Amino acid sequence: MEKSGFSPVGLRVLVVDDDPTWLKILEKMLKKCSYEVTTCGLAREALRLLRERKDGYDIVISDVNMPDMDGFKLLEHVGLELDLPVIMMSVDGETSRVMKGVQHGACDYLLKPIRMKELKIIWQHVLRKKLQEVRDIEGCGYEGGADWITRYDEAHFLGGGEDVSFGKKRKDFDFEKKLLQDESDPSSSSSKKARVVWSFELHHKFVNAVNQIGCDHKAGPKKILDLMNVPWLTRENVASHLQKYRLYLSRLEKGKELKCYSGGVKNADSSPKDVEVNSGYQSPGRSSYVFSGGNSLIQKATEIDPKPLASASLSDLNTDVIMPPKTKKTRIGFDPPISSSAFDSLLPWNDVPEVLESKPVLYENSFLQQQPLPSQSSYVANSAPSLMEEEMKPPYETPAGGSSVNADEFLMPQDKIPTVTLQDLDPSAMKLQEFNTEAILRSLNWELPESHHSVSLDTDLDLTWLQGERFLANTGLQFQDYSSSPSLLSELPAHLNWYGNERLPDPDEYSFMVDQGLFIS
């Protein structure tokens, strides 16, 4: 800035540091800023140079930690003898050291590593020092002139010596320049306004006035000032305080919204499934397992609990099962679903045993093909699994000391199938009306006399297929005594020696009642 007689270019800087590496780095950086640099490794040597050339340096940059003299001691000597601006620097930025440097008269405190941007503006300290001297001599009362000169010279220096346009800030420069020109006129000197301190009583009056008017756009500074009735308070003071008060209220509203939102998220985390799990755990029920039979294998077991905790056998249709807290219901189904049948189950699902097929033994002297006894039967292994002979063990274990739970909770209400047992069968409902009795008997390798008519069999016998069993039951001719008939068969077929899925111990110990007209032509 040539008009004021000061230019940042060629600023004379004395750098004091005991580290030669940092001396070289700072020397290169300062020279890039077009400064004249002098380096020194000892504080006493730097003090000697300053005394010899009192007007030879504009600013001093010194390290705090020096081997021969403390950096703060050097700062005191320079401030008392030469009155030059001194910048202190160090590796650590402890608050105590920074405050000590400011108290001893340091104009700035830099931390290593020092940036180029910080070195480019050290000339401002020199300019402020000179302006302060001018104000002290001429009695200049305007304090904004130094700031304006600082900003203008900084823009001039960083812009390469060219004028830099600041847009709207240019008006501020013109205004401050005009004030500098009128500094010699006492009447034109501006006085700084006193800052208003909002005490508790004053703020209480302000809040009451706002509440009377309403905290909205209608609450203007003029109305509030009239209601407060404070003589020395201005409209600008009320407007500034009103703006801060509205910002405070908006922050409170945002805080409430965040609390409400966080509370809503926490309540939404509890899903209906959790409620269902809790209620299912507290109120156990009782039911039985039901299995659907058919030719197709299990298609899919959906959503099985990965941690099986209870086990139960299917031998008892109404078995009590101890169930842990469950998260999802288990459903086992077949495609296509056929009739339901209940059977005993002891083997696990993954172990499907080989099916044993019994071959009947043919007797030449009997017109009926007799089924062999278990000791006489020959079995053939079949690799195809049979659902009627598979025995299952669901992956649940019964914990000790648990509560009884109804197993019907495994099935959805619409998927529950009534259980059918031998005692619940209705003979009239299980009749095979569409089959010829003769064809059925021939398929079982039964030999019939040639003179026998199949019509009589259909009319006399009321044959019923018991589901889940392997024989026909004559349900029509019941409660009739034929024990005195001499025409009873001498040999009773072995397959008729089964009753209720259990084989009789000895066929000779029991007398069977057979219709005399069963095999008479």
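Numbers here mean position along the shown chain, with the first residue as 1.
Every residue, even glycine, has its Cβ placed from backbone N, Cα and C.
As written in Swiss-Prot, here are the features:
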DNA_BIND  195-246  DNA-binding region
DOMAIN    12-127  domain 'Response regulatory'
MOD_RES   D63  4-aspartylphosphate
MOTIF     192-195  motif 'Nuclear localization signal'
| Taking DSSP three-state, what's the residue listed as '4-aspartylphosphate' in: helix, strand or coil? | strand
| message | I'm checking region-level scores; what's the whole-number mean pLDDT for the motif 'Nuclear localization signal' (192-195)? | response | 59
| task | By DSSP assignment, list the helix, strand and coil residue numbers for the domain 'Response regulatory' (12-127), in that order. | result | 53 helix, 24 strand, 39 coil
